[in-house]
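K.L.:
Structure provided below as structure tokens; questions to follow.
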Amino acid sequence: MKLLLNLVRKDFKRNKVITTALAVFLVLSALMMAGGLRVTGAMISSVKGLNEMAVSPEYIQMHKGAFDKEALDHFVEIHDYIKDSLTVKMLDVRNANFIYQGETLEKCLMDNGFVVQNNGFDFLLNMNNEIDVVQDGEIGVPVFYAQELGIKAGDVIIVHEGDYRKELKVSTIIRDSSMNSALASSKRFLISQSDMAEISSYMGEWEYCFEFLLKDGASTSVLAKDYMDAGMPSNGVGITGSILRLMNTFSYGLVAFIIIAISLLLIIISVLCLSYIIRATMSEEHAAIGAMKAIGFPEKTIEKLYQIKYSILLLAAAVIGYSAAIPFGDFFSSSVIRYCGSGSGEWMKWVFPFIGIILLSLIVLLECRRIIRRNLKSTVVELMREEEQIKKQGHYSLPSRGLKYRNLTIAIGELKCRWKEYVVIFLVFVFSSFLMLLPLNMKSTVENPSFITYMGVGQSDIRIDIQYTDNLTKQKDAVTSYLENDSEIEKAAIYKNGYVQSQNGLGEWEYIRVENGDESVFPLEYLEGSAPVGSKEMALSYLNASELGKKVGDSITVKYQGADLIFTVSGIYQDITYGGKTAKAAIDFDENDVEVYIVYLNVKDGVSIAKKTDELRTVLTVGKITPVNEFVAQTLSGIMDDMSLVEGTAIVIALLLIILITVMFLQLVTAKEHSAIAIKKVIGFSNRDIRIQFGIRILVIQFMGIVVGTIFANSLGGVIFGLMLSSMGASKITMLVDPLTAYLLCPAAQLLVVFITVIVGTKVVEKYHIRDQIME
Amino acid sequence: MIKVEQISKSFNNLEILNNVSFEIKRGDFVGVMGPSGSGKSTLLYSISQMDSVSGGRILFEGRNLSEMPEVELSEFRLTKMGFVFQNAQMLKNLSIFNNIILPGLIAKKETVHIIRERASKLMKRMEIEGLEERDVREVSGGQLQRASICRAMINNPEILFLDEPTGALNSAATDQVLAILEDLNHEGMTIMTVTHEPRVAAKAKKVLYIQDGQIAACKEFLTVTDHERELDKWLMELTH
């Protein structure tokens, strides 16, 4: 064993650069694997902990308007699978009524409301995950706003309406197991009972959440069906616990998912590199292997000699990777911990990465053993085959017109003959380019104005939501007439939104949101079919169509005000708003049933959207006015925050990867081609020429890698983004690339990094003494 | 043509050449002999500046090669020197013909047509015509060595450096190569060869005997006819 370790130490000393590069690869793989799993562990523990402490409801039915409390109590009484129920009264308040640090919350897309602490379950918790209590004059602010606006304990929030003004001191930041996620469109502020009574007399509209806890084994869909059948109050959406969990997983799990995906790809690359290095080293050591065999070393011992080298490397990588994953994982799980707390299963963030590291080590070790065994078994044959391989490489021809660009011609010629050696580095370049571009492209896609088409509406500049008013129609008319007389507005259309009931594939009745308006003003691109025409057609969002099992041409029956309305499905479109479940049809909603009027408008050329938004906000105080790009950004803010977080990491990792692989590759390839380098020097190539030739070979491969990586990032990236958004309602995403970043800056940065690495990495060529090479 | 002035070369504190001085005249055929490890190959690589020297000067037509920048030196080697080694060193991804013409194409002194024509003539003269498209592994050692002489000659160099040119060849191939070298020298080509074979050195007009990094003896032959016996006698005297 001592002899083996001595040999290994000598080998490490001899191949410092390659060993270091390989070690960094393995450390990175271990770090990403352990880091991703640490985030996963932290996330599961965190979300689970919050749900346990807050006792999350398993079914929530929203409702606006009056309701029969006795009937509801009776419903709960007669259904014994209901463990507990709760009616949460929420006072919906317009964002313009909130003032924080001199500014209203109008720029925020969220719907905000006041609640008092619940009894029984669905508790709002403080940052220690304890049931929160606020005194009169105090307010508990959702953690979302602490994060987005920087609101902290001790700050003051003012609510006002007309001459009424009330200051509330932020006493605590609250965690809300139902509406924590950035993907949940409502946020609850916690106030005291007496403040609630006071504020409600000046502003707001009551909304009720009927919340239920079920006994073990009971299904939420059974409850939803029974609830509908019993005609219980349901003027609003019904949300199951699984949707809430999905939203949470999506919000917090994305980072973990991306990190683990990166780690898996890194492992593949590491194994590829490892296999390349083992093959390269062993082919150079065939003589040594033969000698070892000759002096009586059993094959097992030789195998052990090689394996021990990589095992030591792997062990070191595993220890470093696991240790580094602690701060790394904590950084990426800081968001979920802020939103949900540390939770009750903290062991997971220690055990999961450990299991991951063990798995990674097993994969690498087994692969290592396989390659070593294969190489050992055929030492002599392999030597012969090597000759064959060189023969198979073939020749390149020198151009008959002479060598105008000698280095280019030689480099390309050699590349043509030895392309197989470049497969690994090519794959790494493809992967790193993909890794860099994917988050960038996702971001630019979301930031592109036409992304709104994935939100169920054609491209427009500004959106106005008119809701929470006693006099919705009057307000709507006021907005319409103002816009009609505004000469800076190019076009505008108003859409009436309400709910109807429809039967899903399981025969359960559920509410779907229907938009009624002129679909031709802001035409939308349909996945299939077209916009509804006339009063007998209905277009369905992608998620709705999937869940209802409808295709274009099918008929669909919906219930509105007790009557059955039959429509033909005219088209299917993508929409990630309102849980992805929307529809478009000419249903003439009763004014009392209108949930919201939404106005979309375009300003004329040369008119600033930001200025127009500010102007409209001053004039039309009843509506929530949002520039459409901001609407998109805020709706996807959760995803985009996470994407921004991984974007930086992805760029650093990608650049580090290409530096490492280039250094490692140059080291191997210059050693392998030492005799060719010597011959070139003899026949008159300068060191500079030879370095340029290496540079050209690597940069050509990298350029091809970048092209393929870019194509993948655009095509496969669209599929991945589609998968990510399909649970929200958009399945077919076309990446909207920012050409400057994607096609110029990103490739330029990668090429520059490799260019510099080649300059440094090929310096070794100067040290090759021709005499040494020739004499060998 | 080449003036070597007190060159020294040490490697890892070991002195390989120690204050070596001599001169090569145009049209000379210089043979370098000596026991293994005496520094004869190092002398050849130092003169051609394929390896740097620790001290002294090498003047090639009055220009100091040891102070010449690397790029200029490469150009100088390309156009004025030709090299042949014990094991013919060729680029494996080029055919025999392309290996031969490559230095000519890099030098760009003449048109491609002239270079190709010269390569064909050289191959014919070396009796390896017909091997143009062959892989370097598909020909015999002697054929490859003759091909490497063709490559060394493609730019009409002023001097040909050879390091044990027949060391890896059989007797018949050695005879062929020696005949070629003799012919080239008759035509005016300056040649410097390192060898341990008296048969090769016997073709030279001047033989340097290197021992412990220094020129231990130098023998010039007045006649160009066979002086193998004379050389043997001289070597016997030196080694006893």
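The first residue you see is number 1, and the count goes up from there.
Cβ coordinates come from backbone N, Cα and C, glycine included.
Pulled these features from TrEMBL for this protein:
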{"type": "DOMAIN", "residues": "A:261-367", "note": "domain 'ABC3 transporter permease C-terminal'"}
{"type": "DOMAIN", "residues": "A:650-762", "note": "domain 'ABC3 transporter permease C-terminal'"}
{"type": "TRANSMEM", "residues": "A:252-278", "note": "transmembrane segment"}
{"type": "TRANSMEM", "residues": "A:310-328", "note": "transmembrane segment"}
{"type": "TRANSMEM", "residues": "A:348-368", "note": "transmembrane segment"}
{"type": "TRANSMEM", "residues": "A:422-440", "note": "transmembrane segment"}
{"type": "TRANSMEM", "residues": "A:650-671", "note": "transmembrane segment"}
{"type": "TRANSMEM", "residues": "A:698-722", "note": "transmembrane segment"}
{"type": "TRANSMEM", "residues": "A:742-765", "note": "transmembrane segment"}
K.L.:
In the same chain, which residue numbers or ranges, 6 or more beyond the ends of the transmembrane segment (A:310-328), come under 8 angstroms Cβ to Cβ?
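P.N.:
Same-chain contacts beyond the flanks: 8, 19, 22-23, 26-31, 33-35, 37-38, 274, 278, 353-354, 357, 360-361, 364-365, 368.
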K.L.:
Would you mind listing the long-range same-chain contacts of the transmembrane segment (A:348-368), meaning Cβ under 8 Å and 6+ residues beyond its ends?
P.N.:
26, 29-30, 33-38, 40-42, 44-45, 263, 267, 270-271, 274-275, 278, 306-307, 310-311, 314-315, 318, 321-322, 325, 329, 333
K.L.:
What are the DSSP helix, strand and coil residue counts for the domain 'ABC3 transporter permease C-terminal' (A:650-762)?
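P.N.:
Counting residues by DSSP class gives 95 helix, 0 strand, 18 coil.
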K.L.:
In the domain 'ABC3 transporter permease C-terminal' (A:261-367), how many residues does DSSP call helix, how many strand, and how many coil?
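P.N.:
Going by DSSP assignments, the domain 'ABC3 transporter permease C-terminal' (A:261-367) contains 95 helix, 0 strand, 12 coil.
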